[in-house]
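Beneath this line is the structure, given in structure tokens, with notes to follow.
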Amino acid sequence: ASTKGPSVFPLAPCSRSTSGGTAALGCLVKDYFPEPVTVSWNSGALTSGVHTFPAVLQSSGLYSLSSVVTVPSSSLGTQTYTCNVNHKPSNTKVDKRVELKTPLGDTTHTCPRCPEPKSCDTPPPCPRCPEPKSCDTPPPCPRCPEPKSCDTPPPCPRCPAPELLGGPSVFLFPPKPKDTLMISRTPEVTCVVVDVSHEDPEVQFKWYVDGVEVHNAKTKPREEQYNSTFRVVSVLTVLHQDWLNGKEYKCKVSNKALPAPIEKTISKTKGQPREPQVYTLPPSREEMTKNQVSLTCLVKGFYPSDIAVEWESSGQPENNYNTTPPMLDSDGSFFLYSKLTVDKSRWQQGNIFSCSVMHEALHNRFTQKSLSLSPELQLEESCAEAQDGELDGLWTTITIFITLFLLSVCYSATVTFFKVKWIFSSVVDLKQTIIPDYRNMIGQGA
């Protein structure tokens with residue numbers, strides 16, 4: 001599919017009277033290609049209570065996703081909530097304001113006026129009696145039929161029950177990448193129906209694999225939500241190889257509140273798989289001054305985006321890590337970063353930390369890269385510390401030298417000044433002594 005910008009639809013609750021004092025606002029982003037698309041609320045100012053679901057590939061080859069934010073119901077009439085969508089591949093930016101709508105149930109619905117009853121009060125005419133054969137008493141006239149009564153008007157058509165704004169919505173989620181890549185785990189495709197009303201709570205699911213109906217799905221008990229609606233989930237267990245081979249899974253949902261069944265289809269992203277490249281990076285020298293340090297795992301060049309990244313040390317899982325979502329690179333592949341935070345003492349003790357990556361394009365679907373404080377890194381850190389110490393000592397020496405130099409210059413200048421002054425004074429005194437007193441000599445001659 002060629003690059004296509006998304007269509008954005010705001011989703012609002014029925015009314016301000018929601019249970020629990022909170023309300024859910026939604027934003028549906030549909031029909032875009034390729035991934036990724038970013039969704040924020042109020043230009044990123046609103047982050048609490050935001051949940052953005054993973055993108056889903058539709059049968060049309062385009063992606064769609066949704067984002068939900070939970071806000072206080074008291075703020076719906078006073079604050080503005082805007083869904084900001086940014087699709088960089090198509091250079092599309094869309095801002096949609098989510099406004100509270102008045103649901104159908106809050107308005108007055110008038111039944112159509114019943115038709116006037118047809119009048120059937122006049123009986124049909126009595127059939128004509130036969131002519132008498134004699135002058136005797138004629139035979140009685142046949143009894144006329146009873147007139148049909150149409151006085152009772154037909155019942156007024158029943159008014160439709162109020163519907164929840166928008167009706168039930170259906171979302172289809174793929175199995176977790178780790179579940180599809182490990183034989184010991186069970187991959188599942190999940191079909192979620194939300195906004196199911198109390199008036200029509202029954203939901204029917206039908207599942208199809210490559211167009212063939214299957215019957216091994218399990219429907220979980222419905223769960224009541226904070227907005228007084230139900231959430232119903234159906235889970236279909238799939239075979240590892242069926243999913244990896246690109247089989248298509250369809251969930252068909254029926255409910256009385258829907259004008260027609262809703263169908264959602266999902267399958268593994270199509271395209272040639274590309275093997276990820278894995279690189280591990282030690283903590284930076286600047287970070288070694290802190291109590292905790294970060295170990296980084298860069299995974300790049302993989303396709304499709306279904307991937308799982310975990311950390312472990314000495315065979316035991318490490319849980320204090322964060323992994324970014326896969327991001328689209330310029331060559332059409334994906335990349336991500338995973339950061340593990342550990343105590344600096346554990347790193348300096350030489351513990352080995354491993355970044356484990358699972359992807360369908362890898363040999364045995366698995367690879368691992370280890371990282372530890374090697375002797376080379378220890379020597380480098382020691383040399384860096386020694387170099388820092390030498391530089392500190394050198395600066396101290398240079399500072400002392402400059403200070404002494406300036407003092408010596410000042411001392412030399414002062415001594416020279418006094419020497420010149422003394423010599424000048426001596427010359428003046430000597431000159432006065434040598435010059436003869438001609439006045440005395442003239443006086444003596446006279």
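Including glycine, each Cβ sits where the backbone N, Cα and C put it.
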Of the candidates CYS355, CYS383, which does Swiss-Prot name as forming a disulfide with CYS297? CYS355
Looking at Swiss-Prot, which of THR122, THR324 is flagged as O-linked glycosylation site? THR122
According to Swiss-Prot, the disulfide-paired cysteine of CYS191 among CYS126, CYS129, CYS135, CYS251: CYS251
In Swiss-Prot, CYS27 sits in a disulfide bond; tell me which of CYS83, CYS111 is on the other end. CYS83
Tell me, how many other CB atoms lie within 10 A of the CB of ASN227 (N-linked glycosylation site), whichever protein chain they belong to? 20
Between ASN322 (N-linked glycosylation site) and ASN227 (N-linked glycosylation site), find the distance joining the two CA atoms and give it rounded to the nearest Å. 32
For the domain 'Ig-like 3' (276-372), the DSSP residue counts stand at 12 helix, 53 strand, 32 coil
Between 0 and 100, where does the mean pLDDT of the domain 'Ig-like 2' (168-267) sit? 94
Number of helical, extended and coil residues in the domain 'Ig-like 1' (6-99), per DSSP: 12 helix, 51 strand, 31 coil
